[in-house]
Amino acid sequence: MRARPRPRPLWATVLALGALAGVGVGGPNICTTRGVSSCQQCLAVSPMCAWCSDEALPLGSPRCDLKENLLKDNCAPESIEFPVSEARVLEDRPLSDKGSGDSSQVTQVSPQRIALRLRPDDSKNFSIQVRQVEDYPVDIYYLMDLSYSMKDDLWSIQNLGTKLATQMRKLTSNLRIGFGAFVDKPVSPYMYISPPEALENPCYDMKTTCLPMFGYKHVLTLTDQVTRFNEEVKKQSVSRNRDAPEGGFDAIMQATVCDEKIGWRNDASHLLVFTTDAKTHIALDGRLAGIVQPNDGQCHVGSDNHYSASTTMDYPSLGLMTEKLSQKNINLIFAVTENVVNLYQNYSELIPGTTVGVLSMDSSNVLQLIVDAYGKIRSKVELEVRDLPEELSLSFNATCLNNEVIPGLKSCMGLKIGDTVSFSIEAKVRGCPQEKEKSFTIKPVGFKDSLIVQVTFDCDCACQAQAEPNSHRCNNGNGTFECGVCRCGPGWLGSQCECSEEDYRPSQQDECSPREGQPVCSQRGECLCGQCVCHSSDFGKITGKYCECDDFSCVRYKGEMCSGHGQCSCGDCLCDSDWTGYYCNCTTRTDTCMSSNGLLCSGRGKCECGSCVCIQPGSYGDTCEKCPTCPDACTFKKECVECKKFDRGALHDENTCNRYCRDEIESVKELKDTGKDAVNCTYKNEDDCVVRFQYYEDSSGKSILYVVEEPECPKGPDILVVLLSVMGAILLIGLAALLIWKLLITIHDRKEFAKFEEERARAKWDTANNPLYKEATSTFTNITYRGT
């Protein structure tokens, strides 16, 4: 049967519908077409196949068939082998509310033990709940770079213990802190070896004294006496190394694995604070000093509290560090200066449970950095799986806040202390391992609590226990009677082992060919007693009445038969559930195409074979989530900022924030240039304030929203300024009016005066006596006077 597309079932009914798709719905019955000859082979065909061991089964009826078909053929119900997969809870202590009191009795994961019984190609669902309990004990180990460049930082943290205890005791009543220091391997070329005095005082040429160089030293075991932290820090002095990178990874490894020296408690959150202003050496760098022995991940801190293997063992690799940090349930905090923050950000993407903070040049902000990092760690729950058998595959669905089910996710963010989240897990088995019982562990990163899953691979039939060797039912002892059929011994054939290979007759050849003229046993077997005995092959199994089928002639895709997602039957691929295509290379699942905003391919493409094909111009990324030129690039992220940062907006009102917004929110004072893939966005909120943020996705695929802490809001009016302004305006207006009035009067007077002057200039008066004027004297002439 050629592989063909099958409709994708709902995740809750994958088992039933997926099985039916291969056993008779719209196609041949796979149980009867695989040519199986034993109960064990029948169970491996499909989860829907059953085997009948009833001796009274009518002749010609298949023993491997659907259960309902076997019952129709009058197979006794007690003779039907049909194991059913199941999940049983073995241990289920209730989740705790608080971590105070006896911390060994605190439970943050439920259930604690589960037993799975799975038959081949079957799956089973189970769930796990996780709660971040309140007032949980905390261990903080402060690991400091004591190279010369950190001299001012050492002075800044002399009172850190008291301040840290004051802040952290707002979150937990059970705090312990410790201290350790590192520089680098005390061997050339990492240290100064000449002149001789440089060995005792590496700062000889700087007119000062510092400690001889050391790799790592443990200073203070975890203690609740915070004043001792201050005292021990004040006793420390810096040293000096020759090259720029430090030996911090050596220190991290020893602080992680030396449980007894450090004092890590089993029932506490473990924080390892790593502070430096420089790069760090990694695995294989030790070869510069001729150190070729790989790091063994063991504790080598001696009675003097110094790392004794510093000069004989290479630096640890990131993989080894990740393994040990996970085993010890330690959350690593990189507190590094801005010049190296990008490097340690890349490291954190490879180490689960790690956070990065920017350390000021004098470490003055380390207190707030630790508190913020602890809050970030406690706001996230992420599951990790250990020792998963290769025959098993797991798929996750997360139920975070507000009972929102998010398919394909095994982490929840934005949590508060006391919140409870759950995860639905589907375990599916392929094949039958030699070891029938195995176990694996599921645990939240950084938690001591875990879920242990015990798996039993149900590949055998119960009737095999009643097998009769050399049974009289098999032609007087020529075979073993097992599960209703004879398993013939060497040299015997037939349904009852009645035919010997030595009894050869030429007429039997015709019974070994499907049609006249066709090759006997398809040229891949011998005809004995009228039955084909198929040849063995190094490539796989040859089966069928005429040896016409095999399980190795199917097409290969990327070097794997049927892409590793199906079984080869008679040259055709029979695809597993959730897979289709001629090569079984196309998944029908769409959760891999689900973007962080809850839309298929971010609404910019279509999902084909489990991958997004971006349609909208300018969009790219695994889920078409990146599209700087798209008009909605900032629009949707704006809603996430409003919801997750400011607890408002449409998504907040609809309680769908965690479903659609899986971004990590980080508050910053100002936006920085994080590369060409970063998208800067700006919008006005309901208060008419301008909010600026940056959308960035790092190399691991984690989406981060950097939001400026304080929105730029228009300032309200200053009453005093307004009052003075009004009064000033009134005075100015009055003064201006007076000035204008005075100006107008002056202009008018000048005009009148000019007119007067003009008229006076035009006036021309004749000389004459005033007719009204009378002189003071009057002269009269006496006409009678004649004079003498």
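Note: Cβ is positioned from N, Cα and C throughout, glycine not excepted.
According to Swiss-Prot, the features are:
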- SER147, SER149, GLU246: Mg(2+) binding site (BINDING)
- ASP184, ASN241, ASP243, PRO245, GLU246, ASP277: Ca(2+) 2 binding site (BINDING)
- 30-76: domain 'PSI' (DOMAIN)
- 135-377: domain 'VWFA' (DOMAIN)
- 463-498: domain 'I-EGF 1' (DOMAIN)
- 499-548: domain 'I-EGF 2' (DOMAIN)
- 549-585: domain 'I-EGF 3' (DOMAIN)
- 586-625: domain 'I-EGF 4' (DOMAIN)
- ASN125: N-linked glycosylation site (CARBOHYD)
- ASN346: N-linked glycosylation site (CARBOHYD)
- ASN397: N-linked glycosylation site (CARBOHYD)
- ASN478: N-linked glycosylation site (CARBOHYD)
- ASN585: N-linked glycosylation site (CARBOHYD)
- ASN680: N-linked glycosylation site (CARBOHYD)
- THR767: phosphothreonine (MOD_RES)
- TYR773: phosphotyrosine (MOD_RES)
- THR779: phosphothreonine (MOD_RES)
- TYR785: phosphotyrosine (MOD_RES)
- 203-210: region 'Involved in CX3CL1-, NRG1-, FGF1- and IGF1-binding' (REGION)
- 293-313: region 'CX3CL1-binding' (REGION)
- 742-788: topological domain 'Cytoplasmic' (TOPO_DOM)
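Proximity of distant same-chain residues to the region 'Involved in CX3CL1-, NRG1-, FGF1- and IGF1-binding' (203-210), defined by a Cβ-Cβ separation under 8 Å and at least 6 residues beyond the stretch ends, is recorded for 148, 195, 197, 237-240. A separation of roughly 11 Å, to the nearest angstrom, links the Cα atoms of ASN125 (N-linked glycosylation site) and ASN397 (N-linked glycosylation site). The recorded positions shown are SER149, ASP243, PRO245, ASN478; of these, the one with its CA atom nearest the CA of TYR773 (phosphotyrosine) is SER149. The domain 'I-EGF 2' (499-548) shares the most Cβ pairs under 8 Å with 30-76, out of the stretches 30-76, 135-377, 586-625. Under 8 Å, Cβ to Cβ, and six or more positions away along its own chain, GLU246 (Mg(2+) binding site) finds ASP145, SER147, PHE182, VAL183, ASP184, THR276, ALA278, LYS279, THR280, HIS281.
Within the model, the domain 'I-EGF 2' (499-548) shows a mean pLDDT value of 78, rounded to a whole number. Taking the mean position of the Cβ atoms of SER147, SER149, GLU246 as the Mg(2+) site, the remaining same-chain residues with a Cβ inside 8 Å of that point are ASP145, LEU146, TYR148, MET150, VAL183, ASP184, ASN241, THR276, ASP277, ALA278.
The DSSP breakdown of the region 'CX3CL1-binding' (293-313), given as helix, strand and coil counts, is 0 helix, 3 strand, 18 coil. Note on the domain 'I-EGF 1' (463-498): residues 37-40, 51-55, 57, 63, 79, 81, 528-529, 531, 533 of its chain, located 6 or more positions outside it, place their CB under 8 angstroms from a CB of the stretch. In sequence order, ASP145, SER147, VAL183, TYR190, ALA244, GLY247, ALA278, LYS279, THR280, HIS281 are the same-chain residues whose CB sits within 8 A of the CB centroid of ASP184, ASN241, ASP243, PRO245, GLU246, ASP277, the residues recorded for Ca(2+) 2 being left out.
Of all the Cβ atoms in the protein chains shown, 7 others lie within 10 Å of the Cβ of TYR785 (phosphotyrosine). Of all Cβ atoms in the shown protein chains, 18 besides its own fall within 10 Å of the Cβ of SER149 (Mg(2+) binding site).
Put simply, ASN346 is the one of the recorded positions SER149, PRO245, ASN346, ASN680 whose Cα lies nearest to the Cα of ASN397 (N-linked glycosylation site).
In the three-state DSSP scheme, ASN397 (N-linked glycosylation site) falls into the strand class. Each residue in the region 'Involved in CX3CL1-, NRG1-, FGF1- and IGF1-binding' (203-210) gets a DSSP state, and the totals come to 3 helix, 0 strand, 5 coil.
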